[in-house]
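Engineer: Marked as domain 'RING-type' by TrEMBL: 13-61. Positions annotated as coiled coil by TrEMBL: 138-180. Annotation comment: TrEMBL describes 298-364, 846-872, 1089-1139 as region 'Disordered'. Taken from TrEMBL, the feature domain 'Tudor' covers 706-764, 951-1009, 1208-1265, 1439-1499. Per TrEMBL, the feature compositional bias 'Pro residues' maps to 1117-1126.
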Amino acid sequence: MMDKGDSPSAAICKLCGNAFKLPEDKTDGNLPRILACGHIFCTNCLASIECEGAIRCPDCEFWATLPEGGVNGLQEESRIIGLIYTAEMNQIKSLRCNGPKVCQKNRTSPRASTISNSDFVKQPADIEKIEKTVDESLVQAAENLAQLENIYEALTADLAEQVKRERTRLEMELTQASNKAVHMIQKWKDTQLNQLKKMETHFPSGRAVVSHVQERIKALEIAMQMAREIRRVPFLEQYCILDKVLETLQTPVDHKAIDLKCIAEGTGMSCVFQSDNVSQCLTLSLKMEACGSNAVIKQPAGNHQSDDSIKSSSRKHVKYRNGFSNLPSSKPDKWEPESPGASRSSPQGTHLAPKPAPRISSFSDLGSPDVIIEEFFDDNPEPVTPTGPEMANIEWRTQRRRKCHLRDKKCKEVTHWVVVTHVVNPSHFYVRYVAEKKESEVLSRKINELCVGEGCQFTLGDTMERGSMIFVKWKDVVWCRATVVEVFQKSCVKAVKACPVTQLASLRVFFPDYGFTKSITIQSEKEAAESLLKAVNNHLRKVAESVSVELNNFAPQAVRCSLKDLVPYNLTEGWSEEAKAEFCCVVGSAAVEMRPLGQDKDSLLVDLRKAPMEQSTDVPISVREYLVFIEVARFYSPVTLGRKPLMYYPPVYPEASAELDAVVSHINSLSDFYIQLVDNMESLLLSAKLQDYYSALKDDEFRVYCPVIGQACVARFEDKLWYRAQVISHPGGRKVEVRYVDFGNKQVLSVSDLRKIKDEFFALPAMAVHCCLADVTPLDGESWSEACTKRFISLAHQQLVTVKAKGKVPKTEPLPLGVFVGGVNEPKTSIAELLANENLVCFKESKQRTKNKKPSRPDSTVWDPPLEPGAAAAKAEASGHVTVEEQNNDPVELQPQLKLPDQRKDLKVMVTHVNSPSSFYVRLTNSDRQLKRICELVKQECALMEPQEVVWKADMYCAANINGVWERGRICSDVTSSNTAEVRRCDHGNKVKIHVSNLYPLPSSLIGSLAMECTLNDIRPTGGRSTWTDTACDLISYYLTGASALMTIKEEADEHPLPVTLSCSNRMGEYISIADFLVDEGLAFRERKPKVQKPKETDTQTPATDPESCEKERSNSPPPVSPFPPTQAASTPPKPFPRSIVTAEKVKTSMYNPPELPCPGHILINVSAIGDDGVIYARTQSAEYQLEQLKEGIQKSIKTLPRQKPYTWKSVQGCAVIGPDMLWYRGQLLELLGGHVKVQYVDYGLVENIPVVHVYPMLLCVEVPQLCIPCQLFGINPVGGKWQRDGVALMREVLLNRSVDMQVVALPAEPRGAVTVEIFLDGMSLSRILCHNEHASMDGALSKKSLVVTPPASLLDVWDISTESLMGPEEPVLGSFVSPNLPLEGEHFEVRVTHLWTPNEMFLWPLKDTADSEMMDDSLDEALTRINADITSLPRLTSFPYGGPCLAEYSDGKYYRARLMKFTSIEPLMILVQHVDFGSDDSLPTSKLRQMPPELLLFPTRAIKVKVAGFKAPSVEWHGDVLPYCPVWSVKAVMEMTDLLHNNITATVISREPELKVQLFNEDRELVHLPLVNSGLAELD
């Protein structure tokens, strides 16, 4: 970079060192250009490192793809160019300023006049030269004038276009702002209208008169009733005062005492429109601000309320996307019937406690001998006119759509409590909602009231018709509505459509409120018409037309359901009686939990779950899974189970190299056996408790009906004892295979031998540790022989052994162990050596080489690094253990695995990769020749290999082509379908992601690694953290990556990574300890170790290891240039003397008082901050007032800054902080980070990293508690166990600086803990919003809690006020689009491609030759043309269901048919739609969506999504431009396919399931995709 005043040469390229140059007339420049990673280099350097259209950044090694123009197409760094240009212009100006001074000086000298006279003599020659110069200047001026005119025209045109574009944008923003203002006015109007319900309080005199008249009426009615009873029974006179009753009856009405004039009095209130203040209000609310070219018009900061209300109103669409309200405690408003009568009889219902419905069998219990009602089951009824059940699911479902919100496809996440009323089979049954119990009672009461009178009785002239509604008597006192399904007349065998009631023999009726179909026989002792009519009226009633209209407002209470994806176990026999019996047994008559999964015609596809009743660890029983498990049903398609069972805690693995006593509990082989550590006596107590508890249970208690793979349970073993187990498979036949987690053995058991596990038995982890015998392999290298396994069992099974772990492995893999046997006082013998001596196993190669070699004792001396590298080299050469300087031409002996020398100090290494001070990779400098040899061998091996398909798994070795060089690598994780593998470079340590096409299997002879992972010894992270800070990691990575260093291995250990000390040389050539450097920088602390014996005074110390001399240098010298502190010269070794240490002042402060917690209930709060962990920090309204007073008091109390001193921050909790606005705040110290501290503002909740100089260890206003309350949301769990960034960002977007309603659900046990709350945004639950956006999921244990979360009560729920005039017309409910009929498979038909997604996925429009189809297409175009001509008459879209039809505006300004897909953004509100006649999609605001007329649904859609069969994307990675949404396809392939599809195309259907596949042919009946395959842009499938 170049500052002002610098020369142009100061701006140089950091890669080549040359200066950046601007292009001139005849020379090309060397401009600075920016790579995609942000680094800047000159054009010449970038051109030199370009490789096949891509550049690898020299700084960060990031590969960037070049644009079409190559290096010259990269973006230029305008800032550096501007600085260079400014410097050149300043230089030119300085030259121009110096020119006139020289001329003036020359004119004053005698020599100047002499030159002037001589010039005057040569005037004719100069005139010709001047004329020539002037002519050339005129020509140049003409060219300049032409260029200026062209520039002027271009600028004029661009300015006009920009003005037009800005005008259009501002018009749209003005419209949006005015719409917001209209919305606010409408909201104010609604608020004021809601206040009108309190108007009666303004008439106190009238209310007093009305109350007096009401009391008089009540007294008179009581007196009249008493008088009638006395008139009927005279002796009742002695129980009352007759004179007083007569006086009340005879008292006349006193008109004077009743003041009727009070009704004429007014309130004196009025609504006045103040026009004088309108202009000022509009100026404050709607403001035009001057912004940059990329900015938008924003509202003032003080107008948050308007902006927030618009946001919240727009988000209401999110709440009703699924067609239902997410709140469990109330029904949505659209459930309310339209008619006033229905609204009075169907009040708003709430969720009630589950209560069993009447049993089915009770319908047959009738008291009259004249009527016989028998239950009728018909699994395959004959096709009849849609009455009965069919009418209940066709005609009445149109009434129920306003009410039953389970029909939407997005309701899968909501469950409901239901009662099963009737079962035909698991695919045909009926349920009733428990939440509609109150509505059912209202309906039953209304029907009984109608049937009591004589107006509903049949007469001699009435007829009984099929499909009519009647009332049927049940249990002598209860009447139910029913639909006539079949009518049988006397002397007729077949059913008739209608017959007189006097000729009625029997009839079949369907109860829509229960789902039953009943057969009723009419019997009478006499054949007379009156007798038959009486028998009919005893148990049947007719429904008048007016009553039928009123009852139609009550939807059928029974909903037909079917278990989704379930078919009979034996498809030929259908559903068995056992399946029905098991279904009824599980469901019973109690309430069950229903989860809707979709809809199929007139049936709701669901899954029923029987809620757990015993303990928290129990899981609901899925009826589908239970029927499948007992083998009476099966899934006809793969089903993914949505719940995960609780698992045991994994076993505790022994520490590495620690010798422990254990018992081998189970042996499968030498690489698969289990042990139990005997130092834990809890296992014995656990076994005793299990036997005591489960032996006392009854047979049916804690039964497991439907075990799930991985479920924890208790199983009964062969010895009839109970043990903890885990289900691992389902063999079939109602049996399960379990593994006993405390022993390791497996067994197949009957499901009757399983019991649910109690919570207390989950406390202990699994006792069986999965192990393998270390350092041995089978004799054949593949499998263990039977003799070997038997010998191992005889030595170790159920024996007390001593084990020693050989390292650390993931808990999913067996732990390698060394197993030793022997008595208490006897020497221990290794089982591996015993087996090897018996020739049953063989040792591994590393073990075999060291078997007969006595290992040397590790050197435990802590070596200090030398002062100079020459001294270390000389010392190494003298000792003869490191000879890296030897050069010879002999071939290098191949050593694929790193071998450390016997001497472990002062090893010369190169740091290849750094993660943190606890994890970095080094390579010995003398292994460079080995690395080169290995790379050559890997390249030779890969050249001989053919490409092959390999399933890459974790920890597999491979040969990787990284940046054109073949290296050894190791797979980090299993390679999935993405075809991208993460590989660790074995000889460098870092990880890279490459395509699987660049991976080959690595020969076993080359497996190994020359890089070893190390950790710095004797230091630890600061602040009590367990991990290193990013500052420490970045600093050590910056200075160590690629650097040469001296390494000393501290101790001989099997630890991984290896503990070492590392020293690097600074710019003065002196070696500095990296650990000391991190400690001096405040990024690390010393490990606390016991004191060691000091060295003798005769021992010499180098300056680099003398701590006192280093401290002297640091305290007396200025800050060094290099990152490592300098030391003294080697020629003058320092003498130790006392160090001068500035002692830090010890300060201790306590925390501020905890906040005052609110009481449970609804309160209004302001959200001030949201932490990264999802904790919401809020203040109440009273706390807001206290905060203003607190801020004012703090600023007044502190006039000057306290003196800054060095403090010990270890005991500091509460503190005072100077904020970025230079104001004082109260804070709490969280963590010390070098020169910064992490502080939380206790009154705001914000967390910041602040320099130490801005924090003071003192408390401010101690008497005031914390004003910010930490809150956590109730009943939800974040995805992945912790809040992700996008979820926290959404909460911050909708909550920060907003005043919202909060319900306090539960208070914390600790006063500083988080309060459990539920937050509502304009009635919408924040928890539901987060779950809808897939940032969290509802807590499965929520149903077991007694806490009930309710939204804030709405004013309309309290007061009975009509809102008919305030609500617009209800949007009609439309069906779905009709798909076109395709020809049969194999038949060719013409198509037209409307939209191309990928080369093998597109949208087609079938072109048929029939005249009807052409007429249909013409009529659709005519209908769209007619609608677009008067598009303003169509209302805007107000309901946004998934897949709902609508009219959407296209880029040409016309409206076309579209389907709603999803919400793409909330602010502004944008919705993704798909044009059904073209296949393309677009994100549009709601202003560009209109309600679609129903007649447009009659036309089938023109675009069908298909997949073209026969070819697929190439397996070789494409280095050019690829599709961003489908990277396997290149842009060139899409362009080529587009050209191929422009001709006449025919298609033929290949398959319809699971997706529609076709083949496309050109005019020559050849496959369209063949040219694409021939050019290498695709492959045959």
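Each residue, glycine too, has its Cβ placed from N, Cα and C.
What you see is a predicted model, and the numbers here were worked out from it, not measured in a lab.
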Engineer: Taking DSSP states H, G and I as helix and E and B as strand, how many residues of the domain 'Tudor' (1208-1265) are helix, strand and coil?
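Structural biologist: Reading the DSSP string over the domain 'Tudor' (1208-1265) gives 6 helix, 29 strand, 23 coil.
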Engineer: Given the model, what does the mean pLDDT over the domain 'Tudor' (1439-1499) come out as?
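Structural biologist: Averaging the confidence scores along the domain 'Tudor' (1439-1499) gives 88.
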Engineer: What are the helix, strand and coil residue counts for the domain 'RING-type' (13-61) according to DSSP?
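Structural biologist: Across the domain 'RING-type' (13-61), the residues distribute as 6 helix, 13 strand, 30 coil.
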Engineer: What are the DSSP helix, strand and coil residue counts for the domain 'Tudor' (706-764)?
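Structural biologist: Counting residues per DSSP class in the domain 'Tudor' (706-764), I get 7 helix, 26 strand, 26 coil.
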Engineer: How does the domain 'Tudor' (951-1009) divide up by DSSP, counting helix, then strand, then coil residues?
Structural biologist: 6 helix, 27 strand, 26 coil
